[in-house]
Amino acid sequence: MSELKVGIDRVGFYTPRLYLEMTDLALARGEDPAKYHVGIGQDKQAVIPPTQDVVTMAANAATQILRPEDRSRIKMVLFGTESGVDNSKATAVYLAHLLNLAADTRAIELKQACYGATAGLQLAADYVRAHPDALVLVIGADIARYGLRTPGEVTQGGGAVAMLVSADPQIMALDAQSAYHTADVMDFWRPLDRTEALVDGRYSTNVYLDFFKQTWTAYQQQTGRTIADFAALAFHLPFTKMGRKGLRQVLPEASAAHQQELTAAFEASQLDNRNVGNLYTGSLYLSLLSLWRHGDLRAGDRIGCFSYGSGAEGEFYSGVLQPDYQRGFDDAALTTLLADRRAVSVAEYEELFQQQLPNNGQDVQLAVGADSAPYYLAGRQHQQRQYRHRMEA
Ligand code: COA
């Protein structure tokens, strides 16, 4: 009996139309720009206007990949985020409504720091293995906020990745085996009263590298595969230097020629992340998209993926590229989305940073004219967020 292939069929990505140049931020903070560009590995950082939150960003990503006939086949919406907008109601329920999905779907939010979308992807794959006709919509959407003038400020960003998981996927079939690891670690967290994360950045870097080593070793023991079986390794990229450190940890296991290939693949996998910044849950998936867009890959190539969520959970899993994988995403639209953004000054970024919906429950009407995205947040009335679709405005 041939095994059913299950995996990522289509991917959409959205980030708002504003960004901050890391040279400008470095100069404003009295740092050498080379520290940000080379030491941290970031060139631009998405700036999130108050008219976008994780729900609207997810809708703007998902709308790129949904066809009318998918809407009744989607049996689950699994929304990975650590920037949820309600302590009770799932972002996935708002999203299912905005996307006009059929009512016979499950809509759930998943939280474990930056790991949430990977949990969604694996749960989705298991569901589709049991229900091959179904589609599952998996989201990784976040706004990475560390605070003005903190060491983490250079590693902010935001956006959403939407993935459709199906049988006979167009982009990448997931291998059934994976290795995961959980431990109670205080490297990064966000108490309920805070809108910015607390982080012990260097400790977090060490835990990330340790979890990568542990899951990589366990994966090899489980599968009998070695680094020679991989055309590329993709990493969770809270900042691109982090993945570079991960790769360096295992490169000596590869032959000299293969080291060059893996390094070239890594360079491709971090290009888009460099220009968007941290997406938390979406970071590994933007990195995969960047690899598929810019890498020198072939159908049949096996890609290893390391997902990490502080707190902490890590997972190493793998997938095999399918013929026509480039048809599973809109390369030209993504290039345009990133190229058409407007640079903001540090002063404008600082002002926008303070403009989140205030935590006082009062009614707010946002100035929506500057936001051209299909889905946006118009404000809050009677403690309810007012989501809008541009066609309905
Ligand atoms: N030119 C080039 N590189 C430079 C430089 C310069 N002028 N100045 C410093 N650097 C390098 C440092 O050598 C260091 O590189 P290394 O990590 O390879 O040793 C890097 O830039 C960062 O310098 P560091 O002094 O450690 O920066 P920092 O104290 O400002 O903090 C982080 C950096 C990453 C710890 C901080 O941004 C942070 O906490 N970010 C959030 C962490 C996070 O995302 N955690 C979740 C992980 S999943």
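Placement of Cβ uses the backbone N, Cα and C atoms for every residue, glycine included.
The (3S)-3-hydroxy-3-methylglutaryl-CoA site recorded in TrEMBL comprises D32, K245, N278 together with one of Y146, Y376, namely Y146.
The recorded positions recorded for this entry are D32, C114, K245, and the Cα of C114 lies nearest to that of E82 (active site, proton donor/acceptor).
Taking C114 (active site, acyl-thioester intermediate) as the reference point, none of the binding-site residues D32, Y146, K245 has a C-alpha atom within 10 Å of its C-alpha. Taking DSSP states H, G and I as helix and E and B as strand, the domain 'Hydroxymethylglutaryl-coenzyme A synthase C-terminal' (262-355) has 49 helix, 20 strand, 25 coil.
The most densely surrounded of the recorded positions H236, K245, judged by C-beta neighbours within 10 angstroms, is H236.
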